[in-house]
Structures are given as C-alpha cells and as structure tokens.
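Undergrad: Below: one structure in structure tokens.
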Amino acid sequence: MEHADEERGAVNSIKPVKSDWDKKLFWTLIVVNLAGIMERADEALLPAVYREVGLSLHASPTKLGTLTLLRSVVQVLCFPLASYLSITHNRANIIAIGAIMWAIATFFVGASTSYLMIAVARSLNGIGLALVIPAIDSLVADAAHAKKRGLAFGWLQFTGSLGSVFGTVFALLLAGTTVFGIAGWRASFYIIGAASALVGFLVYQFAVDPRSKKDESGKDGYDKTITPSSALKQTVKEAIYVIKIPTFRAIVLQGVAGSFPWAALTFASMWLELIGFSHNVTAAIVGIFSVSSAIGGLLGGRLGDLAARAFPNAGRVMLAQFSSGIGIPFGAIVLLVLPYKSSTISGVEHGVILFLTGLLMSWCATGTNKPIFAEIVPEKMRTSIYALDRSFESLLASFAPTVVGLLAQHVFGYVSSSQNGQTPDVRNAKALGKALFVAYGIPFVACCLLYSILYWTYPRDRARVQPMYEQHQGTIHGTTEDSLKPGYCGIVEVNAKQEEATQAIPLTEIQGEVTDTLESGSSKETAINVIPTK
C-alpha cells in the first residue's frame, strides 16, 4: 500500500515546468525545427529547377544528377568532423554555423554561370548540411522519451517535409518568371540562401543544447578533456563499434536500397514538365506528394511506437516492410500506367496516386530506422550512429540521379538535343519515366527483403544495451507526447527520488565501459556491462 502511494506521488509530481531553462528548451525546439525546414528546402531547390538549369547551362540529365552526387560525397567526407564537433561542442552552435555555411553555398549556386561553378558551389553546400543533420537527429533522440521517440522523429520529418514542399513549390513558381531582371530559378537560390542565413542567426541566438544544463555539482554534459587527436581516435573506435553491430549493418544495407528511389525521384519535377504540365500544375502535384510524405512520416512514427508496444521484437520491422513494399505498385501506376497527357483529368490522377504513395511509403525512417538506432547504442554514441548511417546511405543513394540520367540517355533513348524548352516532349518523358521506375522499383524490392534480417538481429542488439537504459533512463527534462503537438511544449520534471535513481550510474562510467570494450580489440559481439556505483 505504501509503495502504491509512492508511485501515485511520483506520477502526480510530473507537471509542466515554467522555469527559464524550460523556456529556452521551448525556443530551441522551434528554431531547430526551422533549421530542419530550411535544410530540406535547400535540398529541394535544385531538383525542382533541373530543367531550367539544364537549359541555361547546357547540362544533360546525367550531369544534373552528378551535382547531387558531388554534394553527397563532400557531405560524407565531413560527417566525421560533424560527429566530433557534436560530441565536444554545443550542438545548437554547430547547427547555426552549418546553416550559415550552406546559405553562402546556396547563394553561389544561384550566381553560377557555368556547370563547373555550380558543381563547386553545390559541393561546398554539402559541408553545411553535414554539420547540421546529425546534430539535429541526436538532439531529438536525447530529448524524446523512448516510448515516444518514433513520434518525435515523425514531427521532425513532418516539419522538414514542409520545408521540402516550400522549396519545391517556391522554385517552380519562380522558374518561369524574372525577378528584377534575374532569372526566376536564380532568384529562388538567392532568397532561400538569405532565409537560411537568418535561421542560422536565430538558432545561434535562441537555441540551447540540453547537455549545457549544469547539475548540482556545476558540471555540464560536455567532455572538456577531449583533444582533437583523442577525439579522432575515439571517433574511429566508436565507428568500428557501431559498424560491428549487426542491426546497424542491416539497416544501412536496406537504407542504401530504400534511399535510392527517393533520390531518383528528384527528377519528378522535370518528368512532369516534359509530359506537358505547366510550372504551376507541376508545383501543385509535387507539393501534394511532399505534403503526403510529411503526413506519412508523422503517421509512421506514431504507428511505429504502437507496433513496438504490441510486438516489441517485430512491430517496427513489419511496419517498415509494409511501407517499402506498398510503394512498388503505386510507383508502377504513376510512371508506367497513367497516360502521358497534361489534361486536367491526368493532373488529378497523378495528384491522387502520388498522395497515396507519399502517405504510405514514408514510414521507414521515423517508425523504424531512427528509433531502433537510439536503442542499440549507448546514449553518447547516438550522434556517431546517425552520422555513420547518413554517410553510407547518402553516398550510395546519391548515385541514383546519375543512374537515372544514364539509363534515360543510353538505354531508353532520351535525347538532350531535343530539350529546347518546348513542352510536351513525350518521347523524352517516357524515356525518363522508364528510367525512374527501374531506379525506383528494383531497390524497393531489395529494401523490403533486407528488413527481414532485423527479425533476428534487433532483439539481441537491443538486449545488450537495455540494462544501461533501465538504470539510466530518467533524464530530468524530456519531451512528452503532448509537447510534440503544434504550439505546445510540455517539459516534464521528475521528482527527487526518481532523479536520484537515474543518477545511480554516471554516464561517464557507462562511456568508460564502452571505451574499454572498444579498446579490447575483440571482434566478437560483446555485451555492455553496467556496474552500479554506490
């Protein structure tokens, strides 16, 4: 009876807090999501105006696809630096610096007068994106409660997808115009670059890193003893440790396959314009797909949490297999079955099918991949695992636009010389559509099959780290389901007894256990032992 009273007291003590720190966290959530919105808007700009850039700079689809590859290569090379900076420095400041860097690069993309100039500018753009993406992911993983982590990533993807919608529609609407004598597609890069720099300033001014909060002893969550050389050594050790996790390898394998179709779809705007749809109609259709993908990401995160509760070992995996598998027939309908006409009825048909496609095939990242990553490594390694995942997936998936261009030109008969700005161009539209489906359908089949590996690896890998979280799961501040609703931030505080229990195992000692394991050099799968300290 006494124990029950204590439990009720603990529950009753969970209530909204309105301290200065909580207000800072509230603004952090807002400006970090703004950074995510602008990051996705920036990524969407170039694919939205592929056709205009190709006409202006005399670039073929293969060359246009290579621009994405160059940016991704630079992005991958910079991810280790991003991982190191996120571990040793304030992540809010890292996000701000990254936003300003990609803003400058985006401005120079708009100013480019040759293919070489735009290739260099797009490559430099990858540096800023590399700094921002893993920092944002690790902040969300740290803030969210384990049972609501999928929902948290769902909201992050939702707001990011809104940025993608904005970037795509904004660029398409300006593409056929001039702004003060400047070509519309160039003006879109200037405007988004300026907006990104403003968001970077806002992040620097208002965002805080949860690790910067000091405990009663005056210590924060940063390891100030790390030097660049020791950080590099530790980063390599953590990377080796993460790569040895079977679940991580399986998710990366499926992620490479699963990211390929999404990367290939960067040609969707160009394909729709070749069919004969106007800039406005193309913007509407692509916007519908992006909005449905945003809603789907949020829905997938929530469904992933529910599936994990019902089937802890298999729920998230089954969800991902359904989402990746359902995209195949919908893709075939859009790219191969619907007529190549720019009529009103055809536009409605494309919009409806693409809405259903985006809604159902966007569950994997928020409902499965990102929540699982947070469960199979120690908390200190979350930035590393997200950075490594993006490194492998982004690099290999970035070949997709180039592959689509090569298939369209050399297999299905796309003719660059006929790209004179007139529409419709049904011959080239069909060639590009067939190339898109090859780069879309086959990888999704592989993705769906590769997820099956997780049925065996995920329960074991999670069990190795679970004892650590059971002893160290109650951080003082966290995100609840209510705090993920628009316009509301419900920061909760745990009572003193709960806080004492969560501090039973210092995080530095947990990290020490992991470091000892890494330094042992054993190639065997090693469990992480957590030893409480009195």
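Here the Cβ of each residue, glycine as well, is placed from N, Cα and C on the backbone.
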Undergrad: Of the ranges 34-51, 124-141, which one does TrEMBL list as transmembrane segment?
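TA: From TrEMBL, the annotated transmembrane segment range turns out to be 124-141.
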Undergrad: Hey, which of 250-271, 319-340, 352-373 has the most Cβ-Cβ pairs under 8 Å against the transmembrane segment (277-299)?
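TA: When the Cβ pairs under 8 Å are tallied, 352-373 comes out ahead.
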Undergrad: Taking 3+ C-beta pairs under 8 angstroms (sequence gap of 6 or more) as contact, is the transmembrane segment (250-271) in contact with the transmembrane segment (94-118)?
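TA: Between the transmembrane segment (250-271) and the transmembrane segment (94-118), contact is absent.
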Undergrad: As a test: from 94-118, 124-141, 187-207, 319-340, 352-373, pick the stretch that has the greatest number of Cβ pairs under 8 Å with the transmembrane segment (435-458).
TA: 319-340
Undergrad: Checking distant contacts: for the transmembrane segment (153-175), what same-chain residues at least six beyond its ends satisfy Cβ-Cβ under 8 A?
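TA: Same-chain residues near the transmembrane segment (153-175) but 6 or more away: 33, 36-45, 47-49, 51-52, 136-137, 140, 144, 184-185, 187-188, 191-192, 269, 279-280, 282-284, 286-287, 290-291, 293-295, 297-302, 362, 365-367, 370-371, 484.
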Undergrad: To the transmembrane segment (187-207), which of 94-118, 124-141, 352-373, 394-415 is linked by the most Cβ pairs under 8 Å?
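TA: Out of the listed stretches, 94-118 contacts the transmembrane segment (187-207) most.
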